[in-house]
Amino acid sequence: MKERKVIIKTGLNLENSYTSLPEIFFTRQSPSRVPSPKLAVLNYPLITSLGLNAQVLQSADGVDILAGNKIPEEAIPIAQAYAGHQFAHFTMLGDGRALLLGEHITPLGDRFDIQLKGSGKTPYSRGGDGKAALGPMLREYIISEAMNALGIPTTRSLAVVTTGELIMREAELPGAILTRVAASHIRVGTFEYVSRWGTVEELRALADYTLQRHFKKGYDKENPYLFLLQEVIKKQAELIAKWQLVGFVHGVMNTDNMTISGETIDYGPCAFMDVYNPKTVFSSIDIYGRYAYGNQPNIAAWNLARLAETLLPLLNINPNEAIKIAENAVSDFTKLYKNNWLSGMRAKLGIFNEEFQDEYLIEDLLSIMHKYGADYTNTFRALTFDNIEDTVLFDKMEFDKWYKLWQERLTRQEESKLSSKQLMKSSNPSVIPRNHRVEEALEAAVKEGDYSVMEKLLEALSKPYAYSKEQDYYSKLPEPSTCPYQTYCGT
């Protein structure tokens, strides 16, 4: 690997603090060389916020770094080890096709993982080729950047490069590598891994590292490991509520896909709900609906219980006391989630103050939307802009009754109607990454090499709350189909 290390002024300022952990947590590994890397898409706003050099990253040397052909001098590429409950079944996992180059320290002192996804085989590949296809990598780029624009914590996408390879999936597909940026890649599954195969000392090392990286205030607490658990629970309660508020269905909420930082990660089989239905499932492999839209809060609580189990040896020397502490912490999730969700739903309806009956008002609207097959995003958009006549709810008796109750509710607060409208506009996106529009962009890019469709989509998605007539195209529902939209774990 030494001959591949280069000094190129990309602006990357890499450290490798994760390698200070015991070696059970990672394996050093070089990226596979690729024959003909070309830049497909580069995230200029993210480059600016990270303090990187766009001009250099676009150069041949920069593209070689994004492809893994050249390695920044300070980088120590590693594949991270982790386990996970996949559809409730525990299994050993790890980075099977991704490598962490290191942690970039921004000019402001923030720390972000820089990971190459699709960079070749690792010891954790489990028979896979370690490669990634262009379509799924572009899909992750689109969805993750849309999530960021919506104000939802997420990993980010810095770049996608094509590799010049054809990789075998359901057919021969063009290969690609995505550069992912994350607060960290520490997962619930990372803790499960060391809990199952490591020592208590190694578990403590991971917990201490996580406190240092994400929850430094924990060192001042009487029980820092309880603080760690509580903070992760709070972050996940906030995150899942934000998913629900925009109709996002993750699709594969395995414990290895729940981050300790509270960021959304892994955009494989995800999609956004069109017609409101709590049972909405997109993933082709989720045949029993375990990860359906309406079940996501319950799954999050289940995953957090698995995290709590791993921390038992650190929570209290007495096993029974440790279990009580963990159970009390996890039991807080439901209330925390509900408070976040109710607060967000009030905002979507222009409500500033709290009343006990608000939950019934919200649930009644959702029930009516479900009954009549109303589009989730467009219904709230119609309420925001007073054009409900454009929805399927227009002239429905139940909705008329609900609408009057809502208008009456708005009078029981000090804020003006104008203030309510402004709150609704900032809480109800006009545009989301509709599944058919995403597929349209991917087909043009992958099959025709035309990235203009994707660029226009990304431009619309970058300002989801700023309504304009140009966004109407991206707000239209898909044509009725006998085949429901399905997603696959390509990313």
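Backbone N, Cα and C atoms are what each Cβ position is placed from, and that goes for glycine too.
According to Swiss-Prot, the protein carries these features:
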type	residues	note
BINDING	G94, G96, R97, K117, D129, G130, R180, R187, D266	ATP binding site
ACT_SITE	D256	active site, proton acceptor
BINDING	N257, D266	Mg(2+) binding site
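Annotated features, which come from Swiss-Prot, shown on the structure.
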residue	record	Cβ neighbours (10 Å)
G94	ATP binding site	23
R97	ATP binding site	21
D129	ATP binding site	17
R180	ATP binding site	26
D256	active site, proton acceptor	24
N257	Mg(2+) binding site	21
D266	ATP binding site	22
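A coil conformation is recorded for D129 (ATP binding site) in the three-state DSSP classification, outside any helix or strand. Taking CA atoms as the reference points, G94 (ATP binding site) and D256 (active site, proton acceptor) are 9 Å apart.
Taken residue by residue with DSSP, N257 (Mg(2+) binding site) is part of a helix. Ranking the binding-site residues R97, D129, R180, D266 by the distance of their Cα atoms from the Cα of the residue listed as 'active site, proton acceptor' places D266 first.
Largest CA to CA distance in the ATP binding set (G94, G96, R97, K117, D129, G130, R180, R187, D266): 23 Å, whole number. Straight-line distance linking the Cα atoms of N257 (Mg(2+) binding site) and R180 (ATP binding site), rounded to a whole number, equals 14 Å.
Secondary structure from DSSP puts R180 (ATP binding site) in a beta strand.
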